[in-house]
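Copying in the features that Swiss-Prot gives for the protein in this structure:
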{"type": "MOD_RES", "residues": "Lys10", "note": "N6-methylated lysine"}
{"type": "MOD_RES", "residues": "Lys10", "note": "N6-acetyllysine"}
{"type": "MOD_RES", "residues": "Ser11", "note": "phosphoserine"}
{"type": "MOD_RES", "residues": "Thr12", "note": "phosphothreonine"}
{"type": "MOD_RES", "residues": "Lys15", "note": "N6-acetyllysine"}
{"type": "MOD_RES", "residues": "Lys19", "note": "N6-acetyllysine"}
{"type": "MOD_RES", "residues": "Lys19", "note": "N6-methylated lysine"}
{"type": "MOD_RES", "residues": "Lys24", "note": "N6-acetyllysine"}
{"type": "MOD_RES", "residues": "Lys24", "note": "N6-methylated lysine"}
{"type": "MOD_RES", "residues": "Lys28", "note": "N6-methylated lysine"}
{"type": "MOD_RES", "residues": "Ser29", "note": "phosphoserine"}
{"type": "MOD_RES", "residues": "Lys37", "note": "N6-methylated lysine"}
{"type": "REGION", "residues": "1-43", "note": "region 'Disordered'"}
Amino acid sequence: MARTKQTARKSTGGKAPRKQLATKAARKSAPATGGVKKPHRFRPGTVALREIRRYQKSTELLIRKLPFQRLVREIAQDFKTDLRFQSSAVAALQEAAEAYLVGLFEDTNLCAIHAKRVTIMPKDIQLARRIRGERA
């Protein structure tokens with residue numbers, strides 16, 4: 001590994017760490033009471049980044065099939081009663097809906113980044129849809 005030049009830094013003037021003799025020794029020798037292990041927690045954002053990578057790699061549908069099918073049938077009821085759907089038609093609708101949502105969230109994220117934020121907000125979705133020409 002290449003050696004890098006170290007630059008001098010100003011000391012912050014913090015206190016030197018004190019030695020803890022009695023308390024640490026007592027803590028180490030004492031048996032663990034209860035024995036309940038604290039559940040492991042990742043730092044905020046770690047799991048979110050892992051999920052982003054996982055879902056960007058995958059191609060499977062993210063909305064469950066039956067709830068989506070019920071939604072399609074419920075919306076179709078407003079136009080005509082007793083409509084029947086081929087399973088491939090519902091699958092095509094679901095593919096299109098998920099592709100639309102993914103694209104909308106990508107544009108929404110760009111709007112949030114443009115506003116120097118990392119959190120998306122409803123106003124970002126509204127701006128993305130307005131720029132796309134979907135809503136005046």
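Glycine residues also receive a Cβ, built from the backbone N, Cα and C atoms like all the rest.
Surface or core, plus neighbours and distances: that's what I need for these features.
In the three-state DSSP reading, Lys37 (N6-methylated lysine) counts as coil. Neighbour list (Lys37 (N6-methylated lysine), Cβ cut-off 8 Å, at least 6 residues apart, same chain): empty.
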